Amino acid sequence: MAGDSLLALIFVLSAVVAFTVAALGWRRRHVTPAVSTLAFLAAGIGGWSTTDAVLVLTGVPVTAPLAAAAKFAAVSCVVAGFFCLSLAVVDRAWRLSRRTAALLAVEPVLLLVTVLTDDTHHLFHAAQASAGIQVPAFGPLFWVHAVYSYLLLVSGAVRMAHAWSRGPRPLRRVYAATLLGALPPALTDVLTLLGVADGVDITPIGFCVSTTVIYWSLMRSSVHELVAVERTHVFDVISDMVTTVDRSGRILDLNPAADRMFRRIVPGLPARLSGLSITELLGESFLPGQAEEGLEIDRTVVDAEGCVVDLSARLGALHDSRNEWVGWVLVGRDVTALNAQRRQLEEANAQLSEQQRGLQEANEQLREQVATIEALRANLAEQAVRDTLTGLHNRRFLMTALDREMSLAVAQDTPLSVALLDIDHFKQINDRYGHGAGDQVLIRFAKLLGGKVRQGDIVARYGGEEFVIALPGATGEQALARMNELRLWVTAGRIPAGGHTLSVTFSAGVAERVPGQNLAELLHSADEALYVAKGAGRNRVELAATEPGPSSAAA
């Protein structure tokens, strides 16, 4: 009992796999006839496996008329399906005709009539089988059916073997998979007939394995390998003239477009142009003395009505299987209308060129004027945001840039720090050395700042001797460290001013943006830190305490 349950489970799994392949193949039936044929084959295997599973579970003998009819109907579908599959795989243009379908249906119909009436003549099963699906004693009509089935299967296998040995290399994988697919069912059928499987017909399990392998191979093949292309039809519908010529210049084949052109040029040609010399139709210039690959020929001929015809052709060498040159393929087209359009365009272009020369001179003058205006406008715009003394950006530019950086920092949740710098004892420099010296100190100090900041930082003169450096992406601690480096570098240097060399220092306050803080509050924090630095003795940098802005505090 446990053995029957296991066997039934195997048949059920075989049926599930087969019906799955059938469903997948049916969904892809439009890809190629081979896939739709495989779907039919898989459906037959699924029916065969389902019937055997029911017979095992119910104990109905296989010789029962309805059981035998169901089983051998599926068997006939499998045999016919494999035969058609071999045709579809080998010949990609193959389609199941009504005549072929009718011929293949003859044996299954006779088989069904035979098994349904077997109780009266016992020509199919010579004796009844016991319960289960034990292999019964077979009658003569069974062996007729078996011989017919094996003939179809063997003919399909021979066809696949022949295609595998001589077919195109890209398709050999498909041929091999289909050919090898015949091995599992052959093996399981032999085991069944030898009684190795205790009288159980396990052939559908072998067919299930074969179907899965063949489906996998078909799906791995590209569409262009499986779908037939009628090259003759493509050759006929090409609008270009295509002519093949042998080494002596005789026409081997040509498409309708070439046939029409030759008859237009030379009247009274025979119905069949194959065998005529290409030089009689187009002249010696269309037949080079040797195989020249990719030779382009442009010639003008006169047709039978005296009209000029411009021909543009490309010549390619033809080689046989031994790579020996055997002739040419001539691909040409009538470019008369195209050349006429080209000449009209050239005349129109010549007229336009004359007009364009005058316009170009006027445009050149206009461009010079526009460039001058743009340069003046850009200069004025730049001057509007530059400090006239130091050349740094002014406070107006600073506030706009800081507002933009504040918005970016809030949106991206990135740090933003500002440093407010004040030159120490600047009033004493003015009082002692004069305002001219003070201006020189401001100019030199501005250059020092501009040369030491990183790309992306903003340096501006805030007013008087105060300067602001905005440091996007820098935390307060990072900004503090950088300002201290800048302070030490400035302190170590000397600034010439008013005939003297002065040592200049600065104090700075650094503040980092905190959530909820606006621009004015950020600058105020930096100013307070600057006040602390000055109160602590100057020539130092202080970091403002990090406190949330009013909006955060309120929250």
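Here, residue 1 is simply the first one shown, and the rest follow in order.
Each Cβ is built from the backbone N, Cα and C atoms, and glycine gets one as well.
What you are looking at is a predicted structure, and each value in this text was computed from that prediction instead of being measured.
Marked as coiled coil by TrEMBL: 335-383. When pLDDT values are averaged over the coiled coil (335-383), the model yields 85.
The annotation domain 'PAC' is assigned in TrEMBL to 295-347.
The domain 'GGDEF' annotation in TrEMBL covers 414-546.
Marked as transmembrane segment by TrEMBL: 6-26 (among others).
Marked as transmembrane segment by TrEMBL: 38-60 (among others).
Per TrEMBL, transmembrane segment is recorded for 66-89 (among others).
As annotated by TrEMBL, transmembrane segment applies to 101-117 (among others).
Residues 72, 75-76, 79-80, 82-83, 85-87, 89-90, 107, 111, 114, 118, 122-127, 175, 178-179, 182, 186 of the same chain lie 6+ residues outside the transmembrane segment (137-162) yet bring a C-beta within less than 8 angstroms of a C-beta in it. Sequence annotations record features per position, and here TrEMBL assigns transmembrane segment to 137-162 (among others).
According to TrEMBL, the transmembrane segment annotation covers 174-196 (among others).
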Long-range environment of the transmembrane segment (174-196) - Cβ separation under 8 angstroms, sequence gap at least 6: 34, 82, 85-86, 89-90, 135, 153, 156-157, 160-161, 163-164, 167, 202-203, 205-207, 209-211, 213-214, 216-218, 221, 225-226
Long-range neighbours of the transmembrane segment (6-26), counting only residues six or more past its ends (CB under 8 A): 35-36, 38-40, 42-43, 45-47, 49-50, 52-53, 56-57, 200, 204-205, 207-208, 211-212, 215
Same-chain residues near the transmembrane segment (101-117), Cβ under 8 Å, at least 6 residues beyond its ends: 65-66, 68-69, 72-73, 76-77, 80, 83-84, 123-124, 141, 145, 148
Residue distribution over DSSP helix, strand and coil in the domain 'PAC' (295-347): 12 helix, 30 strand, 11 coil
Residue numbers, six or more beyond the limits of the transmembrane segment (38-60), whose CB comes under 8 Å of its CB atoms: 4, 7-8, 11-12, 14-16, 18-19, 21-26, 29, 67, 70-71, 73-78, 80-82, 84-85, 131-133, 200-201, 203-205, 207-208, 211, 214-215, 218
